[in-house]
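If you look up Swiss-Prot, you'll see 34-54, 55-75, 95-115, 118-138, 155-175, 182-202, 228-250, 254-273, 287-307 marked as transmembrane segment, on the strength of sequence analysis.
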Amino acid sequence: MTVIGNHEVVGMEGAPRLSEASARDYFELLKPRVMSLVVFTAFAGLVLAPGHINPFIGFTAILCIAIGAGASGALNMWYDADIDAVMSRTAKRPIPAGKILPQEALAFGLTLSAFSVIILGLAVHWLAAGLLAFTIFFYVAIYTMWLKRSTPQNIVIGGAAGAFPPMIGWACVTGGVSVESIVLFLIIFLWTPAHFWALALFKMGDYGAVGVPMMPNVCGEATTKRQIVIYAVLTAVSGVCPTLLGFASLGYGAFATVMGLGFVWYSLGVLRMPEGDKRMVPAKKLFAFSIAYLFAIFSALLVDYAIARIWLGGIV
């Protein structure tokens, strides 16, 4: 497969300059939907970490992590502008739509990256800042520039970038990394392949058109479906680990088990999906459920933590 070259969108005729692009256009560069998940899981890591952090410092930490995530999104859109212009799912993004020039997106992303890392280091903790810097580098250089266009395992390895936020939030409070923060990392890391391969199944045409070697395009639907089930099972097991390791209650464990079984159930629906199915309804259902699953798991961890704090505080 031939991957489209980045040069095909540079120097767009009639594209607006910095002063003509709206604030909304630049906000779209930050990938706000992805950022919301990053912010939520980082917040969970910060709250669940043992110790105390000043509320203002905590707010600053989450803001810096959000800006860093947005910077990664902007740099990803800068590099992927060529394939975004071809794929129906991404054709309306600011750069291929002609609202922002590629070089402006690059400058915007680099500026936000430096700002988020430096402020997080100065105001909160340099280990957390280092993890944020590594996350930005990993997502942009390792995943976007290398893995995404070179291997069907791009999501498996590249998924690490999306799994770091709770670990960064944890480090903001404790100044370190622990088994608990690694478990939070693993939940997202193992969740990522099933989530994105479900999307890749019903967007095979888009990925095939631009030569991105996603699992369904390179290895076929059958292999992808089996891999989805494997990662769904691994995700379900990792979701229960907080209880197994003693930092979440049996109530959380029961909830995580039910959600995990739901994840596996939807993945089995994908496995049973006929080869060449054009509608891909089971894949779309799994994709939607996977998003709900991750938000539900981290929400349950926060609720479980709040209940434990109330109980230990003698309020009930």
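First residue shown is number 1, and so on along the chain.
Every residue, even glycine, has its Cβ placed from backbone N, Cα and C.
Under the criterion of 3 or more C-beta pairs below 8 Å, with sequence separation of 6 or more, the transmembrane segment (182-202) and the transmembrane segment (34-54) qualify as touching. Same-chain residues lying 6 or more positions outside the transmembrane segment (228-250) and placing a CB less than 8 Å from one of its CB atoms are 48, 179-180, 183, 186-187, 190-191, 193-194, 197-198, 256-257, 259-261, 263-264, 266-268, 270-271, 286, 293, 297, 301, 304-305, 307-308. Highlighted: of the candidate stretches 34-54, 55-75, 95-115, 118-138, 155-175, 34-54 has the greatest count of Cβ pairs under 8 Å to the transmembrane segment (287-307).
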